[in-house]
Amino acid sequence: MECLIIAEDIIQKVKDLNDIVDIVSEKVKLKRTGRNYSGLCPFHHEKTPSFSVSQDKQIYKCFGCGEAGNVITFVMKTKNFSFVEAVKYLADKVNITIDDNKDKYYAKNKEKYDKLYSMNVEAARYFFRNLDSNSKAKKYFLDRGINQKTMRRFGLGYAKDDWRQLLSFMKSKGYTELELIEAGLIVQKNKAVYDRFRNRVIFPVFDYKGKVIGFGGRVLDDSKPKYLNSPETKIFKKGTNLYGLNFAVKNNIGDTIIIVEGYMDCISLHQYGINNVVASLGTALTKDQAKLLKRYASKVVISYDADTAGQAATLRGFDILREAGFDIKIIKIPDGKDPDEFVRKNGKEAFMRLVENAVSIIDYRINRAFENVNLKDSESVIKYVKDISEIIEELDPVEKDVYIKKISDKTGIREQAIYDLISTDIQKSGNNIEKMNKNSNYGQNLYVESAHVKSERYLLRLMIEHKDIRSYIESKISADDLIMESHKKIYNIILNFEDNLSSDLKSKFGFIESRCDDGESSSEIVKIEEQNIMLSENNVKDLVDDFITNIKKFRLEESKKKIMSEIKGLEEKGLFDETIELIKRMEEIQNQLDNL
């Protein structure tokens, strides 16, 4: 968890001494084309170079996928570093020393973070010692095949069935109730304070560096909730960590990671010597987890539970991992077992065979859909073919041929009929707004920005450059009204411009960049800096109003699409009465669109 801010002049010095052409060339083979350099984009698959690097401006831009940024952004995105990590990496290259403890440019709250880590370590030791004194808790792990060595390695423990045991212990170590509340170890309710975890086996949660950042606890009886996790704290953010990654990193995991759902799945596989395993801890893999994973691997094998929730999570996880650029395969475990059960019953070699035979997402979706098909029921077969046609219509011609033959073999429907169905679907979807439009002159895809994205950038550029216009924009639109999360962050940073901040643009953009701690925001601020807006005294407010209208229009159209989808789902189930309120809502949205 980064808690540091580096001064703008240090950041600028790091950028000045690291030529972007040199840094990009470590990853991309560049060729000089006029004043710029070009190569194959590292952020998306392409055969014709659309990635351009400007040595004069010290920025890069891909005309195929829209990625853009400076030398720091490039390091953040290609290495999945945070902003501070990227600056430190580049600083090391040019022998600039940045001292975590003494540098005056860092925020002064490191001591508070260190105390949170110390409290968690102390609590983890306490829980671990408790395990030996409670036979029921220890039996829980032993019954699941977890040996003493693994219990010690993962720091597994037990929280006693007592309201204030941990509280008393931690206070004896010198920690205050307020500090323990901030760490999420105790709860305050109706002026009373008590232990958060009681009568539960405990799983310490580590970050990728091996620091204890939180805990998960499972009940030993039928009480609810079955699992209880630490709340979010300054060092523990849900959806930004992967359980077991610290162990996986230590074991030379290679280029492939296996993702499972829960603590026990991860722990069991590690015990059986399968070390390239992490757990997403819940059914929803996040973009932040995918970014963290990208530092260590380019291939992912998903092994979620076989139940409905697990299958749904597999599909959601696939979309996020695909967006992050992973090569993805999916395991189907026989008999509906989870990874923990399977490896305990069948051993390491059997599980590794499942990994070797993992299938692509297309095969997974086709096979999953086929499970519910009744080949004797014509309607069931037709629905299956239509559903699958939507899945494969975006594949390249060779892949499409392969899957059409598979579907034809499964269903007995002629290949030509399936081709015709896909062609019809593609024609119907031709009216949809596409991000990628075909450039007939060059035979490559060019990225087309949406109107609302451009409008948000223009508004932010105006806010940065013109203080008087900033006030007008603030009165018309807030950060929450913006669509892109990175733009919301930049909007709020602009509102916090310091009074003594220089009025020149370079200082303002430097101030913002030093506070953009993620790749998307860092990339966006470079794009905003590149925007040029022609202004006259007469058209400023009209321009701003037009930009805001574009944003509102997009949000309303997205709401309309969502409601239309809900109406369609209800109608397919025959629930026509339930659609009445939704139809009224859609009419209201349409009226708002008409009045924009």
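Glycine is no exception: its Cβ is also placed from the backbone N, Cα and C atoms.
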Zinc finger range according to Swiss-Prot, out of 41-65, 141-165, 541-565: 41-65
Cβ-based isolation winner (fewest other Cβ atoms within 10 Å) among the binding-site residues E261, D305: D305
Helix, strand and coil totals (DSSP H, G, I; E, B; other) for the domain 'Toprim' (255-336): 35 helix, 16 strand, 31 coil
